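Undergrad: Structure in structure tokens, see below.
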Amino acid sequence: MPAMAQQTTGMTFMKMHGLGNDFVVVDARAHPVDVTAALARGIAHRHFGVGFDQLALIEQGKGDAHLVFLNADGSSSAACGNATRCIARHLMEETGKTELHLTTDRGELYARDAGNGLTSVNMGAPQLLWHEIPLAEEMDTLELPIEGGPTATGMGNPHCTFFVADAEAIPLAEFGARYEHHPLYPQRTNVQVAQVIGPDHIRMRVWERGVGITLASGSSSCATAVAAARRGLTGRKVQIDLDGGTLWIDWRDDGVWMTGPTMHVFSATLTPEFLASLG
């Protein structure tokens, strides 16, 4: 839907969350929607707008749908695991399907009903080479040459995972802001602090690129599980406890599978007056 039409008719959306990682989801399959960075920032404002960590568009595409993601600061992201899982559950309920084929700017993803109200999404193979993530220069991604020796991983967006003795003791607001903008990451990065509880159990907190501290992140959980397995700290199938709840990650030969709950909180319409105020 062109910007002028949006300002005339308003914009219908769904508010969803996965473990408190919250989203505004716009179904643009019937009518294309033009969401500029400024519009995204306005909707993201938790006092003057709706509030979200990410905004997602459901578009027509190969398979069941194509998904587009924007962060709260208006920047784009090729991946958002929790939003993908929430949208997959919505599409399953809409179509009656138990398996879906989705595409994102990163590539093809697959989702399935995991039973007991849970949804699984195959987030694809992790990106482990420096130029895939990307990093600013060639190096071993297993342990970066910066304080704390974090691991770099790509899941369609960049990740920097620090393994620490106590995840609660890290001042995440300061820590995350500093490393999001580290010069080794030309596109900025998500920052995770991860405490290994056992061979199949991790406690993790996350700072998301373009957002800040969030209660959960699906792609960050996938990246952390991959990093822990690569470093021999865990197996390839782990439970990850986040501030907002628990995800289950399984790094298989066909990709990294993420399983967790979803919630459709409400549906509403942004008024033409509000949209016009954002320019």
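Glycine is no exception: its Cβ is also placed from the backbone N, Cα and C atoms.
Model, not experiment: these values are computed from the prediction.
Residues or ranges marked as active site, proton donor in TrEMBL: Cys80. Taken from TrEMBL, the feature active site covers Cys80. What TrEMBL records for Asn21, Gln54, Asn71, Gly81, Asn82, Asn157, Asn190, Glu208, Arg209, Gly218, Ser219 is substrate binding site.
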Undergrad: Taking only the residues the record lists as binding substrate, namely Asn21, Gln54, Asn71, Gly81, Asn82, Asn157, Asn190, Glu208, Arg209, Gly218, Ser219, what is the largest Cα to Cα distance between any two of them, in Å to the nearest whole number?
TA: 16
Undergrad: Give me the Cα-Cα distance between Ser219 (substrate binding site) and the residue listed as 'active site, proton donor', rounded to a whole Å.
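TA: About 6 Å separates the two Cα atoms.
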Undergrad: Reported as an integer number of Å, what is the Cα distance between Arg209 (substrate binding site) and Cys80 (active site, proton donor)?
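TA: Cα-Cα, rounded: 11 Å.
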Undergrad: Among Asn21, Asn82, Asn190, all listed as binding-site residues, which has the most CB atoms within 10 Å of its CB?
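TA: Compared across Asn21, Asn82, Asn190, the most Cβ atoms within 10 Å surround Asn82.
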Undergrad: Report the same-chain neighbours of Asn71 (substrate binding site): residues 6+ apart in sequence with Cβ closer than 8 Å to its Cβ, ordered by sequence.
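TA: Set apart from Asn71 (substrate binding site) by at least 6 residues yet with Cβ under 8 Å, we have Ala40, Asp53, Gln54, Ser77, Glu208, Arg209, Gly210, Val211.
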Undergrad: What residues, ordered by sequence, lie under 8 A Cβ-to-Cβ from Cys80 (active site, proton donor) and sit at least six positions away in the same chain?
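TA: Result: Phe23, Gln54, Ala56, Leu67, Phe69, Gly218, Ser219.
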Undergrad: Other than Asn21, Gln54, Asn71, Gly81, Asn82, Asn157, Asn190, Glu208, Arg209, Gly218, Ser219, which residues of the chain come within 8 Å of the substrate site, judged by Cβ distance to the Cβ centroid of those residues?
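TA: Output for this site, in sequence order: Asp53, Phe69, Ser77, Ala79, Cys80, Ala83, Val206, Val211, Thr214, Ser217, Ser220.
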Undergrad: Per DSSP, Asn190 (substrate binding site) is which: helix, strand or coil?
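TA: Looking at the DSSP assignment, Asn190 (substrate binding site) belongs to a strand.
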